[in-house]
Amino acid sequence: MKRRTTAVLTLTALLGTALTALPVQQAGAEEVEQVRNGTFDTTTDPWWTSNVTAGLSDGRLCADVPGGTTNRWDSAIGQNDITLVKGETYRFSFHASGIPEGHVVRAVVGLAVSPYDTWQEASPVLTEADGSYSYTFTAPVDTTQGQVAFQVGGSTDAWRFCVDDVSLLGGVPPEVYEPDTGPRVRVNQVAYLPAGPKNATLVTDATARLPWQLRNAQGTTVARGLTVPRGVDASSGQNVHSIDFGSYRGRGTGYTLVADGETSHPFDIDAAAYRPLRLDSVKYYYTQRSGIAIRDDLRPGYGRAAGHLNVAPNQGDANVPCQPGVCDYTLDVTGGWYDAGDHGKYVVNGGIATWELLSTYERSLTARTGHPAALGDGTLALPESGNKVPDVLDEARWELEFLLKMQVPAGQPLAGMAHHKLHDEQWTGLPLLPDQDPQKRELHPPTTAATLNLAATAAQAARLYRPFDKAFAARALTAARTAWQAALAHPDLLADPNDGTGGGAYNDDDVTDEFYWAAAELYLTTGERQFADHVLDSPVHTADIFGPTGFDWGHTAAAGRLDLALVPSRLPGRDQVRRSVIKAADTYLATLTAHPYGMPYAPAGNRYDWGSSHQVLNNGVVLASAYDLTGAAKYRDGALQGMDYVLGRNALNMSYVTGYGEVSSHNQHSRWYAHQLDPTLPNPPSGTLAGGPNSSIQDPYAQSKLTGCVGQFCYIDDIQSWSTNETAINWNAALARMASFAADQG
């Protein structure tokens, strides 16, 4: 998900009253204190409070916090009018305790006015003894309206919070962030297939070949060889060697690679290694569902109340109005998936995510190595399991029903178009469970891009659900036809790039690719000449659409091209379509071969894009598709090497998939998978893909740690880093598709 800001200070925290207003100290080149009266020697002024009873106790500010609140910011203590200077480094420190122990304080430095940005936050678990806490960050903006706040709500029971020695010191030396990259031998930390490629990367200063050994779980060397020096890798700035141990065909668990005095993280060699990830990557979607209670018996540790069913404090989603001036009706837009780390629901991202899940299933029907039963009925532990419909189709239908609801009703202006998105009026804070979201919900204007996403996915659904539910398939096809005609009538209704308050803009100024994709899906489902003609006449049809950064929600031509190549049809010139996919795969294969980390991804200028992890995987999808078209093992092997990257063979030596690998991402930016901020909440479920390196590092936390980063190092596993570490439904769809392909190769 793309966004510009995430609000994490709320109006509630501003309701307290400051008793005095003291002069503001300006930050300077030397260390300068920005907090006034952080020692509470004789008074609590100018600190304000909200929903606590506070006073002095032994030279500390102590507050009695009521129980029964929901959110951290429901009770708070803070100080406003803090001056911060852009580019200045600050040390935020304090002593704090809690009675009884085990309660959490959310300590934040941010903006006291809209949009309530947060620049530093931490959520320590307090003990009854004073604990000392210190954090360093760099201010991303100039402001005289900063705020230091201690948010102490969200507890069922009453407790006592005490704080002292609060300091925000400007002019301190910036901390140098050094990620712990572990052993210098980088491997796929999950597994390699016995008959598949097996490659690793060694980070070393050596320029000559070095010996390596493959050891089994007992420490016995089972294979050996010499590394291949590759020089300095541009994507990481590291001097590296390659290791190829693909000739070893044994099976087992707990293997390690040893080279240059380093021992890799352990991994397996197992034909069934990817089967759990195939399931977990799709199970992810159940816990993303809106409008339904998540059952703890189906997802232990992730049970929660239904979100956005018009039960207070929710204000949606059963009768959601439009933004002012957009429409005069309301729509029932319950259901669907929450898009990413927020509570928004977006047609364009929902569209590409649904397409990729449906295509994962469709591949199982058409590919020589496909296994339809692998995601069949009963495999995903869903509420719908047991209904004789493949579980992957049950899950995708939850989103499809929402997409259909976003269509403008007949008789209304722009009938047949699809609203672009639905989300909160303002940004909300973290953590926040879906059923506790208090914000007003709004429909945003219909767009051509959203309408064509609906047309494409509904048309695809019509052919795939027909064997299981003819009525739904017919309804989907009718909606797709209606959307297509509406898009033809309104070909240039574009999303406002500035419409990014409360949710991502998802703006797209070129919908030629969406027209092509929708026409392709409608043709593949109906076989009608009108849609074939649009496909063949489109400039997209013969264009080189497979760029270095792959495809995503804003670049959907590949969705149409891949399906035209893979799904049987009588399209004239289909052989040329298939050859274009194979040609693209050859390009990605050349990129992979040249890359010291074996990635089918080399963005221009080494500028890693937002959500780069899923772009690597989608380039792998093209390689996998070429394998399905040709049967050539080189394409299968290339696709599998893309999985190596996301599962640990990378510069940071970590798996970007939660729960998979010795070291994996687990603090993704999310309002309810927020264990880092609230120990009572879970981390993301196993099988959740992190966005991955992003050279633009748009969020303040990443900027404070990663400024000047090189390619693969532009990532940090922290919940505050929404630009490098969010989770999103379209990203996980790429993982699901590739995990399913990999599992089929075992």
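Along the chain as shown, the residues are counted starting at 1.
Every residue, even glycine, has its Cβ placed from backbone N, Cα and C.
The active site, nucleophile feature in Swiss-Prot is assigned to D342; the stated evidence is sequence analysis. According to its DSSP assignment, D342 (active site, nucleophile) is coil.
The feature active site is assigned by Swiss-Prot to H669 (among others).
Positions annotated as active site by Swiss-Prot: D717 (among others). Counting every protein chain shown, the Cβ of D717 (active site) has 20 other Cβ atoms within 10 Å.
For E726 (active site), the Cβ neighbour count at a 10 Å cut-off comes to 28, with all displayed protein chains included. Residues or ranges marked as active site by Swiss-Prot on the basis of sequence analysis: E726 (among others).
Swiss-Prot lists 45-170 with the feature domain 'CBM-cenC'. Looking only at the domain 'CBM-cenC' (45-170), the predicted model's pLDDT averages out at 94.
Sequence-remote contacts of a segment are chain residues at least 6 beyond its ends whose Cβ falls under 8 Å from one of its Cβ atoms, and for the region 'Linker' (171-211) they are 27-32, 88-91, 136, 138, 224-229, 238-246, 248-251, 257-260, 262-271, 273-274, 277, 596-598, 636-637, 640-641, 643-644, 647-655, 660-664, 704-706, 713, 716, 742, 745-746. What Swiss-Prot lists as region 'Linker' is 171-211.
Swiss-Prot lists 212-746 with the feature region 'Catalytic'.
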Query raised in the report: If one measures from the C-alpha of E726 (active site) to the C-alpha of H669 (active site), what distance in angstrom results, rounded to a whole number?
Result: 4
Query raised in the report: Any idea what the Cα distance is from D342 (active site, nucleophile) over to H669 (active site), rounded to a whole Å?
Result: 9
Query raised in the report: What Cα-Cα separation, expressed in whole Å, is found between D717 (active site) and H669 (active site)?
Result: 9
Requested in this report: Counting other Cβ atoms within 10 Å, pick out the least crowded of the active-site residues D342, H669.
Outcome: D342
Report summary line: By a three-class reduction of DSSP, E726 (active site) is assigned strand
Query raised in the report: Is D717 (active site) helix, strand or coil when read with DSSP?
Result: coil
